[in-house]
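Trainee: Pasting the relevant annotations from TrEMBL:
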- 25-48: transmembrane segment (TRANSMEM)
- 41-289: domain 'G-protein coupled receptors family 1 profile' (DOMAIN)
- 60-78: transmembrane segment (TRANSMEM)
- 98-120: transmembrane segment (TRANSMEM)
- 140-163: transmembrane segment (TRANSMEM)
- 204-222: transmembrane segment (TRANSMEM)
- 234-252: transmembrane segment (TRANSMEM)
- 272-291: transmembrane segment (TRANSMEM)
Amino acid sequence: MNDCENITVTEFYLTPFSTSRINEILIFTGFLCMYLLAVVGNLIIIVLVCSAPQLHTPMYFFLCNLSSVDVIYVSAILPKMLSIIRTDYKMISFSDCFAQLYFFMFCAITDNYILTCMAYDRYVAICSPLHYFLIMTKKVCLVAANSCFTISAVNTLIFTLLMSRLSFCNSHKINHFFCDIIPLLALSSSDTQSVKIILSVEDFIGIFNFLFILTSYVRIISTVVNIRASSGQLKALSSCSSHILTVLLFYGPSIFMYLKPEYGDSKDQDKILSLLYVAVVPMLNPFVYSLKNKEVIVAAQKV
């Protein structure tokens, strides 16, 4: 552990992508479009769910919360990245960096919890349809959603405060396009053992939630198989298809990132994979739920 008492970090240096100016313009245009599509698409979902009475159900209530988090998600990271590409000014202040880290972690953890709640909602709807509205009451949904946001906010605040107390005197150059956890830990000259323990606990919770979702769908599939009418099977599966796609989009890049081997150009691949769950997934979620769901399409036509 190095002595950094006389060194005060005021800003970090971000390194998004090493490429030509023409490619930077193409990247800027592409991610500007993705940012606008993500924000507009998720805002449309929020407006539809709030204004259409036929969408006032637990599934769409959680979808509305998911869309709200995704708007914050992309807005915390992409505008700064677009600004760096446009102006070539790659500095970010210490406070802005950890504010970005806070919102990134908060949104990622909250998405994890909300997807778990949505999996439980689909499990109850298909495996216990007669008790669905007795179990998934308005009060239960509100408590579940508030718990998701509160737990995520408290956990992320504690983690971010611990991260901000680390010393950064060896280097201020973050090899990423935003203030992510791993690049910041790599820069720190302090003992990061306590931070890594908390991060391991968060990873364990994320894995537990993912296993809960898998278990829910194992039970759902076993229930669907026992439905005699093929029309009933298709109806049950169609009500889960949007959520299944969203889960695959959310967990897929993260699982691949943790399982892939480390080698020379892995840092560039990490940036690309990060773009998938930071930009691409929030942009695709509204399309998944609108194109795969007749209720959303009908509500959009009426509104």
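Note that Cβ sites are derived from N, Cα and C of the backbone, with glycine treated the same way.
Bear in mind that TrEMBL entries carry predicted annotations, made automatically and left uncurated.
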Trainee: Mind checking which residues of the chain, 6+ beyond the ends of the transmembrane segment (272-291), have their Cβ under 8 Å from one of its Cβ atoms?
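Mentor: Tertiary neighbours of the transmembrane segment (272-291) are 31, 34-35, 37-38, 41-42, 44-45, 63, 66-67, 70-71, 73-74, 77-78, 104, 108, 176-178, 180, 242, 245-246, 249-250, 252-254, 256-257, 297, 300.
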Trainee: Ranking 25-48, 60-78, 98-120, 140-163, 204-222 by Cβ pairs under 8 Å to the transmembrane segment (234-252), which is first?
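Mentor: Comparing 25-48, 60-78, 98-120, 140-163, 204-222: 98-120 has the most Cβ pairs near the transmembrane segment (234-252).
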Trainee: With Cβ-Cβ distances below 8 Å as the criterion, list the same-chain residues six or more beyond the ends of the transmembrane segment (98-120) that contact it, or say none.
Mentor: 59, 62-63, 65-66, 69-70, 72-73, 76-77, 80, 92, 144-145, 147-149, 151-153, 155-157, 159-160, 163-164, 178-181, 184, 202, 205-206, 209, 212-213, 216-217, 243, 246-247, 250, 277-278
Trainee: For the transmembrane segment (140-163), name the stretch out of 25-48, 60-78, 204-222 with the most CB-CB pairs under 8 Å.
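Mentor: The stretch I would name here is 60-78.
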Trainee: What residues elsewhere in the chain lie close to the transmembrane segment (60-78), defined as a C-beta under 8 angstroms and at least 6 residues from its ends?
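Mentor: Distant contacts of the transmembrane segment (60-78): 31, 34-35, 38-39, 42-43, 45-46, 49-50, 100, 103-104, 106-108, 110-111, 114-115, 117-118, 121, 141, 144-145, 148-149, 177-178, 246, 278-279, 281-283, 285-286, 289, 295.
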Trainee: Six or more residues out from either end of the transmembrane segment (25-48), which same-chain residues have a Cβ under 8 Å from its Cβ atoms?
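Mentor: Same-chain contacts beyond the flanks: 17, 19, 55, 63-64, 67-68, 70-71, 74-75, 78-79, 81-82, 85-86, 275, 279-280, 282-283, 285-287, 289-290, 296, 299-300, 303.
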